[in-house]
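Engineer: The structure's right below; bear with me while I get my questions together.
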Amino acid sequence: MRMNIFEIKMYLNFAFLLLLFCLSALQTWASDPDPVQDFCIPNTDKFDASAGLPCKNPRLVTPDDFVFSGIKSPGNFSDTGLSAVPVNPTTFPGLNTLGMSFVRADFRPGGINPPHFHPRATETVYVIQGKVYAGFVDSTNRVFAKVLEQGDVMVFPRGLVHFQMNVGKSPATVFGCFNSQNPGTQKIPNVIFGSGINDELLEKAFGLSLRQISRMRRRFLPRKA
C-alpha cells in the first residue's frame with residue numbers, strides 16, 4: 001500500500017522523535033565513556049590545557065602503575081567519627097579511563113557518614129568489619145535501610161541519598177566501589193547550609209529562625225585557609 005505525502009511526513013516525524021529518544025536514553029544510561037585502548041596511564045610530564053593529560057607510552061608502563069597501597073590504614077577522622085580515603089585516577093593513575101573508583105571508610109563507634117549522594121555513580125559497599133546501619137532513600141521518600149555485618153554487601157543507586165552509621169561497640173570498616181572514576185559527592189547538610197542559599201528561602205523551607213540558620217551556616221560553610 002502506497003503512503004500519501006501526509007503519511008510520509010508523519011512517519012518521518014515519528015522516526016525523528018524515536019531517534020532523539022534513543023539518543024537521549026543512551027546518554028541517560030551511560031556512565032563514563034568506554035575506553036578506546038587497554039589502559040591509559042596519565043603522563044604527568046606532559047600537560048595540555050585544552051586536552052588534559054595524554055596517555056603514557058604503553059612501553060613505559062609498569063606493574064606498579066596498576067597497584068595502589070594507600071588504603072592499608074585509615075585516614076584522618078572527622079568530627080562525625082568518619083575517616084574516608086577516596087581513591088580515583090588522581091591518586092591511583094591506573095584507574096584512569098576505566099570508569100571506576102573506590103573508597104575506604106572507617107567509623108569510630110557511633111560514627112556516621114551523613115546523608116549524601118553521588119550524582120554520577122552507583123555505589124556498592126562491602127563491610128570488612130563491624131556493624132553498620134546503612135541505607136538509601138528513593139524518590140518517593142521510602143527508606144531502604146538495614147544493619148550490615150561483616151561480609152554483607154549493599155548497593156546505593158546513582159543519585160539517591162544514602163548514609164551509614166556504626167552501630168557496634170567497636171570500629172567498623174567499609175569498602176565502597178563506584179562505577180565512575182569521578183562520582184562526585186554532595187553532602188546534604190553542606191549543600192543546604194554551606195552553599196550560600198538565600199536565608200529567607202531556608203527560613204521558609206525548614207521553619208528555622210534566622211539565628212538558627214546563622215548557627216548552621218557557621219557549622220557547614222567551608223573554612224577559609
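Just so it is clear, glycine is given a Cβ too, placed from its N, Cα and C backbone atoms.
The annotation oxalate binding site is assigned in TrEMBL to N113, H118, E123. The Mn(2+) binding site annotation in TrEMBL covers H116, H118, E123, H162. Sequence annotations record features per position, and here TrEMBL assigns disulfide bond to C40-C55. Look at TrEMBL and you will find 69-214 tagged as domain 'Cupin type-1'. Here TrEMBL flags 1-30 as signal peptide.
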Engineer: Out of C40, C55, H162, which of these recorded positions is nearest H118 (oxalate binding site) by C-alpha distance?
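Structural biologist: When the Cα distances are compared, H162 comes out closest.
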Engineer: What residues, ordered by sequence, lie under 8 A Cβ-to-Cβ from N113 (oxalate binding site) and sit at least six positions away in the same chain?
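Structural biologist: When sequence neighbours closer than 6 are ignored, N113 (oxalate binding site) has T80, L82, A84, A105, F107, F163, Q164, M165 within Cβ distance under 8 Å.
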Engineer: For C55 (disulfide bond), which of the binding-site residues H116, E123, H162 has the nearest Cα in space?
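Structural biologist: For C55 (disulfide bond), the closest Cα among H116, E123, H162 is found at E123.
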Engineer: Suppose the Mn(2+) site is H116, H118, E123, H162. Which further residues of the same chain have a Cβ inside 8 angstroms of that site's Cβ centroid?
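Structural biologist: After dropping the recorded site residues, what remains is F117, A121, F136, F156, L160, V161, P183, T185.
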Engineer: Around H162 (Mn(2+) binding site), how many other CB atoms lie within 10 A of its CB?
Structural biologist: 22
Engineer: In the same chain, outside N113, H118, E123, whose C-beta lies within 8 angstroms of the Cβ mean position for the oxalate site?
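Structural biologist: Close Cβ neighbours, site residues excluded: V103, H116, F117, V125, F156, H162, G176, F178, P183, T185.
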Engineer: Looking only at Cβ atoms, how many others are within 10 Å of the one on H116 (Mn(2+) binding site)?
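Structural biologist: So the number of other Cβ atoms within 10 Å of H116 (Mn(2+) binding site) is 17.
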Engineer: Specify the count of other C-beta atoms within 10 Å of the C-beta of E123 (oxalate binding site).
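Structural biologist: The answer is 24.
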Engineer: Relative to the Cβ of C40 (disulfide bond), which residues of the same chain, six or more apart in sequence, are found under 8 Å away?
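Structural biologist: Looking at Cβ-Cβ distances below 8 Å from C40 (disulfide bond), excluding near sequence neighbours, one finds C55, K56, N96, T97.
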Engineer: Run through the domain 'Cupin type-1' (69-214) and tell me, per DSSP, how many residues are helix, strand and coil.
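Structural biologist: Counting residues by DSSP class gives 22 helix, 57 strand, 67 coil.
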Engineer: Please compare the recorded positions C55, H118 by how many other CB atoms fall within 10 Å of each one's CB, and tell me which has the fewest.
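Structural biologist: Per-residue Cβ counts within 10 Å for the recorded positions C55, H118 bottom out at C55.
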Engineer: In Å, rounded, how far does the Cα of H116 (Mn(2+) binding site) sit from the Cα of E123 (oxalate binding site)?
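Structural biologist: E123 (oxalate binding site) has its Cα 12 Å from the Cα of H116 (Mn(2+) binding site).
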Engineer: Could you tell me the mean pLDDT over the domain 'Cupin type-1' (69-214), as a whole number?
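Structural biologist: Averaged over the domain 'Cupin type-1' (69-214), per-residue pLDDT gives 94.
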Engineer: What whole-number Å value do you get for the CA-CA distance of E123 (oxalate binding site) and H162 (Mn(2+) binding site)?
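Structural biologist: Here the two Cα atoms lie 10 Å apart.
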